[in-house]
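Participant: So that we are looking at the same thing, I have put the structure below in structure tokens.
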Amino acid sequence: MASEKAPLPFVYTFMAGAIAGVSEATHIDFGHTRVQLQTGKAAAGADTYNGMFDCFSKIIRNEGFSRLYRGITAPILMEAPKRATKFAANDKWGKFYRELFGQTQMTQSLSVLTGASAGATESFVVVPFELVKIRLQDKASAGRYNGMIDVVVKTVRNEGILAMYNGLESTLWRHILWNAGYFGCIFQVRQLIPKAETKQGQMTNDIIAGSVGGTVGTILNTPMDVVKSRIQNTVKVAGQTPKYNWAWPGVATIAKEEGFGALYKGFVPKVLRLGPGGGILLVVYTGVMDFFRNMREAKGL
């Protein structure tokens with residue numbers, strides 16, 4: 001969230017976001033990607049998962065433990081620029097909207113609008129990495145690609161360069177919803193809890209605010225995450241309209257064919273990461289920004 005303390009140049013907010021993102025990154029999303037790509041009602045078989053533990057156990061038993069880390073390079077490489085863009089864009093959009101609406105301080109509505117705008121900005125960084133990750137992690141694609149570079153080469157050669165941005169619209173919605181919920185909740189929670197008098201108290205407040213924000217953001221955006229995964233895993237064929245093509249129609253299709261609960265496939269591991277992960281993000285970002293601020297003050301800048 002954009003700091004209300006002394007402002008810092010863009011490069012510092014970008015660097016702080018990158019450091020926060022690397023600190024928060026984990027490898028748990030392989031399982032939730034597999035579950036999200038599973039279509040139809042649950043049935044018996046090695047390729048059907050009844051939950052995250054069932055998913056992990058079947059992957060290890062049938063494909064080997066190393067399969068859990070297939071496609072993990074893409075999200076690792078994505079994490080730093082993704083989080084850096086998130087916080088830097090939130091800071092810039094915050095300043096823009098405060099000036100636009102004549103506000104000297106951030107408000108609840110502006111924090112939601114700012115977060116949504118930052119999420120939209122972040123999406124353009126995320127889409128190619130997400131597409132590579134999903135195509136590597138889907139079992140049906142296991143023999144089609146030899147690695148991250150191979151996914152890019154084959155996707156561009158067979159589907160065109162713009163195919164690397166398949167799912168951009170659904171990704172925009174996913175990040176708009178998550179960031180609006182995240183930054184909006186951070187603002188609201190900070191208003192509701194007692195103001196911290198110590199650095200430890202500030203960290204505790206940030207953990208609480210960020211965790212609430214991460215949880216609410218995940219509740220809001222998981223349906224779009226499910227749709228996005230399916231859109232990006234669909235290889236486009238000339239003359240054919242994909243089953244999952246646009247975000248909101250995709251939501252309606254999944255709800256109609258598989259039930260509303262299918263829109264929350266993979267929710268448990270996602271919220272277990274992004275709930276507390278949202279708190280970690282905020283604590284690390286705030287701490288790094290304070291470090292940069294103190295460093296500049298010591299140098300008289």
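Including glycine, each Cβ sits where the backbone N, Cα and C put it.
According to TrEMBL, the protein carries these features:
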{"type": "REPEAT", "residues": "8-96", "note": "repeat 'Solcar'"}
{"type": "REPEAT", "residues": "106-192", "note": "repeat 'Solcar'"}
{"type": "REPEAT", "residues": "201-291", "note": "repeat 'Solcar'"}
Participant: Across the repeat 'Solcar' (8-96), what does the mean pLDDT come to, as a whole number?
Facilitator: 66
Participant: Let's see if you can do this one: DSSP helix, strand and coil counts over the repeat 'Solcar' (201-291), in that order.
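Facilitator: DSSP classes over the repeat 'Solcar' (201-291) add up to 74 helix, 0 strand, 17 coil.
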Participant: For the repeat 'Solcar' (106-192), give the DSSP counts of helix residues, strand residues and coil residues.
Facilitator: 75 helix, 0 strand, 12 coil
